[in-house]
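K.L.:
Could you have a look at this structure, given as structure tokens, before my questions?
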Amino acid sequence: MSLFQRIKNVFTGQSKQEEEKVSREEAELSEEQPVDEVKPAEKEKIIEIEEDASQEEDQTERFVSTAVEEKEDIQEEIEEVKRFDRGLDKSSKSLKRRINELLANFRYIDEEFFEDIENMLIESDVGFEATLEISDILREEAKIENVRTMEDAEELIVKTLVDIYENSIPPYEGVHLNEEGLSVLLFVGVNGVGKTTTIAKLAHQYIEEGKKVVLAAGDTFRAGAIEQLHVWGDRVGADVVSSEIGGDPAAVVFDGIKQAKETGADILMVDTAGRLQNKKNLMLELEKMHRVIQKELPEAPQEVLLVLDATTGQNALIQAKEFKQTTDVTGIVLTKMDGTAKGGIIIAIGKELGLPVKFVGFGEKMEDLRPFDADNFAYGLFSDLIEETV
Ligand SMILES: Nc1nc2c(ncn2[C@@H]2O[C@H](COP(=O)(O)OP(=O)(O)OP(=O)(O)O)[C@@H](O)[C@H]2O)c(=O)[nH]1
């Protein structure tokens with residue numbers, strides 16, 4: 001019996017005994033009528049039937065393998081939703097608790113009720129602008145829908161928040177990488193936000209996909225940063241290019257490009273210093289790096305990913321605004337979402353910065369850095385509440 005038939009039997013639940021019975025019958029059949037004794041016309045017919053059967057088998061084989069692939073895709077999607085759900089557990093529980101507290105004091109819709117909602121949103125790091133917008137929507141909707149009971153108020157709050165999440169987060173664009181040839185990703189952000197580990201996690205994921213990655217230690221300011229990148233490079237299997245402490249970061253980028261070209265690498269990831277206190281220097285440094293990349297690789301897509309630590313809340317937002325003035329940030333990596341109870345920061349980033357979040361960090365493991373997905377994010381944050389309201 002062919003391997004395909006055996007796999008098919010596993011799918012259709014055919015038992016081993018049945019398999020053996022079919023094999024026995026097949027053997028008996030071929031014994032009963034030796035091929036030599038078959039007449040030419042019958043022989044032709046048999047060949048025709050066999051060809052048809054083999055075509056059908058090919059078709060079924062393709063069908064089964066598509067079905068298996070689809071099943072694997074669905075399983076992966078479920079896993080991804082679970083990762084967001086786990087990563088946002090603190091924020092989700094805190095949001096549920098805050099809304100329950102708010103509703104516990106509910107008597108009727110009045111000014112105090114809206115003030116409580118505004119405080120709750122500010123405390124969840126939603127940001128001032130978005131808080132006022134949400135509060136205005138709630139006031140209007142509460143009137144239109146004539147909200148009177150606690151249950152109606154709860155439904156209105158959850159529905160409005162889910163809508164806001166869906167509408168205020170810029171659509172996910174992914175990272176722009178060249179199909180062929182080298183792509184450059186520049187990472188900016190202050191010390192301690194998770195820049196180096198983000199580079200390592202992403203490098204690991206790209207290497208797993210079969211891409212070749214070179215890392216450049218553009219933060220030449222601190223010996224620790226250079227060493228750390230070397231350690232990660234060794235661990236994930238990426239070449240690391242660096243200079244002496246105090247070296248020119250643009251020269252490191254130049255060397256990184258050279259090394260990447262020579263070794264046929266697909267992606268060059270550049271770590272940079274995040275000295276916001278010396279904005280002028282930082283700006284000049286980043287401009288010089290851009291110029292080098294532009295000159296050496298005019299066709300290469302360049303991404304400037306700003307890494308922000310979600311646990312620092314409004315500080316992260318202030319940093320982001322300053323970096324935005326300093327360089328052309330193309331996207332955000334929001335780390336340590338697992339460590340904050342204030343999932344609202346994602347709304348503030350969308351509303352106040354207008355920058356797409358490209359990755360979110362849910363922990364310290366390699367696979368804890370995930371491509372951002374607004375639906376999964378909203379699900380992770382609101383699943384408990386939605387289950388409660390529906
Ligand atoms: N819980 C959690 N920890 C994270 C996450 N991302 C990074 N970290 C941790 O944050 C700490 C700082 O990360 P680094 O990558 O060293 O930060 P950095 O921005 O490179 O900092 P410097 O090297 O000081 O510039 C490390 O202990 C990381 O493991 C995350 O998504 N969740």
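For all residues, glycine too, the Cβ spot is worked out from N, Cα and C.
Features from TrEMBL:
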BINDING   189-196, 271-275, 335-338  GTP binding site
COMPBIAS  16-27  compositional bias 'Basic and acidic residues'
DOMAIN    356-369  domain 'SRP54-type proteins GTP-binding'
REGION    15-40  region 'Disordered'
K.L.:
Should we count any of the binding-site residues Gly192, Lys195, Thr272, Arg275 as near ligand 1, judged by a CB under 6 A from one of its atoms, and which?
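P.N.:
Checked binding-site residues vs ligand 1; flagged Gly192, Lys195.
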K.L.:
Let's see if you can do this one: DSSP helix, strand and coil counts over the domain 'SRP54-type proteins GTP-binding' (356-369), in that order.
P.N.:
3 helix, 6 strand, 5 coil
K.L.:
Which is it, of Gly189, Gly192: the one of these binding-site residues whose Cβ has the most other Cβ atoms within 10 Å?
P.N.:
Gly189
K.L.:
Please compare the binding-site residues Lys195, Arg275 by how many other CB atoms fall within 10 Å of each one's CB, and tell me which has the fewest.
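P.N.:
Per-residue Cβ counts within 10 Å for the binding-site residues Lys195, Arg275 bottom out at Arg275.
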K.L.:
With H, G and I counted as helix, E and B as strand and the rest as coil, say where DSSP puts Thr272 (GTP binding site).
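P.N.:
In the DSSP reduction, Thr272 (GTP binding site) maps to strand.
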K.L.:
According to DSSP, does Gly189 (GTP binding site) fall in a helix, a strand, or coil?
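P.N.:
Note: Gly189 (GTP binding site) is coil by DSSP, not helix or strand.
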